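Asks: I am attaching a structure below and will ask some questions about it afterwards.
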Amino acid sequence: MAAENSSYVTEFILAGLTDQPGLRIPLFFLFLGFYVVTVVGNLGLIMLIGLNSHLHIPMYFFLLNLSFIDFSYSTTLTPKMLVGFVSKKNTISYAGCMTQFFFFCFFVFSESYILSAMAYDRYVAICKPLLYAVTMSPQVCLLLLWGVYGMGVFGAVAHMGNLMFMTFCSDNLINHYMCDIIPLLELSCNNSYVHLLVVFIVVTIGIGVPIVTIFISYGFILSSIFHISSTEGRSKAFSTCSSHIIVVSLFFGSGAFMYLKPPSILPLDQGKVSSIFYTAVVPMFNPLIYSLRNKDVKIALKKTLSRKIFS
């Protein structure tokens, strides 16, 4: 049993993704495959951008950081989830739970804002092409990146501060495969309304502000595209944005479905399935989407492979 105060809780038990023993081994290999593809895809994209000088432009600078964030937060969660599939009792220490939750929040908030920075980059490239080199200078890109990781720190610290004021009573079973704020709220014996309100506000800042930024950017982008006279020009402009639109839809769609609805509307068991998309599926798909739908990345990959074969 857990003690009355959270300071006496030494460990939590993670319920995992499923309680059906027959599904655990198949799910273990499924998510192990997801994780391998995620690691290889994101680290491969990072190396590809680093090794090819023609990709050293703002668009790929942000894409490199997106791959780093995807790799990092997938690594924060997936190995522990895999252990849960093969262990009889999946426990995590109180300190380990808080650490996992902190880095999870940091990387998820960072991903939200790196996607909005990428949308702004596409807005400048399409709507103000003559000013692109000046507007997206290395100094501006670094400032945007500082803002991205700064908001990551804000989100992690805000959620952790909220969590530190919670007390846990008689149950230490987390109905999830990871330490997340909603299942931890269910274990709290505090007035959960205040904590839930804080969660809603922080998540709205983490998801709402980037979504508004992205919608505004693409509003201007679509307006500029429709004013392009040639079909080829419109097609080229659309193609530069299509990969980003797909990634944004997958990430924010699953995240909003999980966090921007009250638990009474979205049961936690269904929320676990939703969270799979932004913790395991999206980090795996991002490098594939940008690799398969991006001509520059394909050319860079062919050149890198040809250099390796020739050497």
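Glycine residues also receive a Cβ, built from the backbone N, Cα and C atoms like all the rest.
OK, TrEMBL features for this one:
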{"type": "TRANSMEM", "residues": "27-48", "note": "transmembrane segment"}
{"type": "DOMAIN", "residues": "41-290", "note": "domain 'G-protein coupled receptors family 1 profile'"}
{"type": "TRANSMEM", "residues": "60-79", "note": "transmembrane segment"}
{"type": "TRANSMEM", "residues": "91-109", "note": "transmembrane segment"}
{"type": "TRANSMEM", "residues": "130-158", "note": "transmembrane segment"}
{"type": "TRANSMEM", "residues": "193-226", "note": "transmembrane segment"}
{"type": "TRANSMEM", "residues": "238-260", "note": "transmembrane segment"}
{"type": "TRANSMEM", "residues": "275-292", "note": "transmembrane segment"}
Asks: Any residues 6+ beyond the ends of the transmembrane segment (60-79) with a Cβ under 8 Å from its own?
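Replies: For the transmembrane segment (60-79), the list is 31, 34-35, 38-39, 41-43, 45-46, 49-50, 100, 103-104, 106-108, 110-111, 114-115, 117-118, 121, 141, 144-145, 148, 177-178, 247, 279-280, 282-284, 286-287, 290, 296.
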Asks: Averaged over the domain 'G-protein coupled receptors family 1 profile' (41-290), what pLDDT does the predicted model reach?
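Replies: Overall, the domain 'G-protein coupled receptors family 1 profile' (41-290) comes to a mean pLDDT of 84.
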